[in-house]
Every structure is written in structure tokens, then in C-alpha cells.
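Beneath this line is the structure, given in C-alpha cells, with notes to follow.
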Amino acid sequence: MSDKIGLFTGSFDPMTNGHLDMIERASRLFDKLYVGIFFNPHKQGFLPLENRKRGLEKAVKHLGNVKVVSSHDELVVDVAKRLGATCLVRGLRNASDLQYEASFDYYNHQLSSDIETIYLHSRPEHLYISSSGVRELLKFGQDIACYVPESILEEIRNEKKD
């Protein structure tokens, strides 16, 4: 029997504790879970991709079946096929997230009908945490330690030094 392989994607700019919770939960559903950091052309970059990847790898190092990958110019479905993933994992905080994700699910299914999408609902303590909210707090010099993993906080501090 073949391994169950999933792909959880996002821009993770920056990764939040909500993302980490989703990754931890999704890792229990699969033999192998890839976490794909994708460039989002609709969002202005905050942290360079290398910093995001390094911080995310440190944040998930306790999960033996999780591997972090990145992509600049590929469709999620194509990356899933290349990695052997048969399931895309998406996180939902609210109805707006579902509506946003449903359109991608439609196209993904049209491009590859053998790749399914599953949705994990945010835990109540993470419902209102978002990367854009964290970026806004940082813009005004606020402490974000309770919203992001320590490794991400380190990457942000290191990036500010440069």
C-alpha cells in the first residue's frame, strides 16, 4: 500500500501559530506532509522566502514526517503531482476563507481530478490570527511573540538587523 501524502500550502509571510497548529494536526493525517511555501502575486512580500523557509523548518523540526518545500512559479496542483501528494490541505478560519478557497478547489479539481482538498477548521484560539494582522502589529512596533513561533520571531529580528 502506498503512503498517504499531503500538501499544505501558503505564503506564510509570516508563519503564525495558527499555521503551526494546522501543520501539526495535518501531519497526523498523512504518512508524509509537505508544507509548500508559495509566492503569492496578490500579496506584497514581508519576509524574504529564504527567511520564511528557514523559520518554518525550525518550527516543524519536531514533526518527523513533515518536509518544507518552496515554489515561485508553479501551480499548487503541479507541485502536488510532482511530490506524489494526493491531497491538498487548507485551513479555514471563517466563511470568507471557505469562499476564497472554494474557487481554487474548483480549478485544482479541473486540472487534476485525482487530487482532493480537505479543510481543517482553525481552533478557537487561532481564529483571528492572520499573517496580515501580524504584519500590521509589527508596522506599529507591537510585540508579536504570542502570535508566531519563536523561530519566526528570530527570523524577523534578524531581518530587521540587516
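From the backbone N, Cα and C atoms, a Cβ is placed for every residue, glycine too.
Among the candidates His19, His109, the residue that Swiss-Prot annotates alongside Ser11, Phe12, Gly91, Leu92, Arg93, Glu101, His126, Leu127, Tyr128, Ile129, Ser130, Ser131, Ser132 as binding ATP is His19. With respect to their backbone Cα atoms, Leu92 (ATP binding site) and Val76 (substrate binding site) stand 18 Å from each other. In this structure, the CA atom of Val76 (substrate binding site) is 18 Å away from the CA atom of His19 (ATP binding site). Of the listed binding-site residues, namely His19, Arg90, the sparsest CB environment within 10 A is found at Arg90. Sequence-distant contacts (6 or more apart, same chain, Cβ under 8 Å) of Glu101 (ATP binding site) comprise Arg90, Leu92, Thr117, Tyr119.
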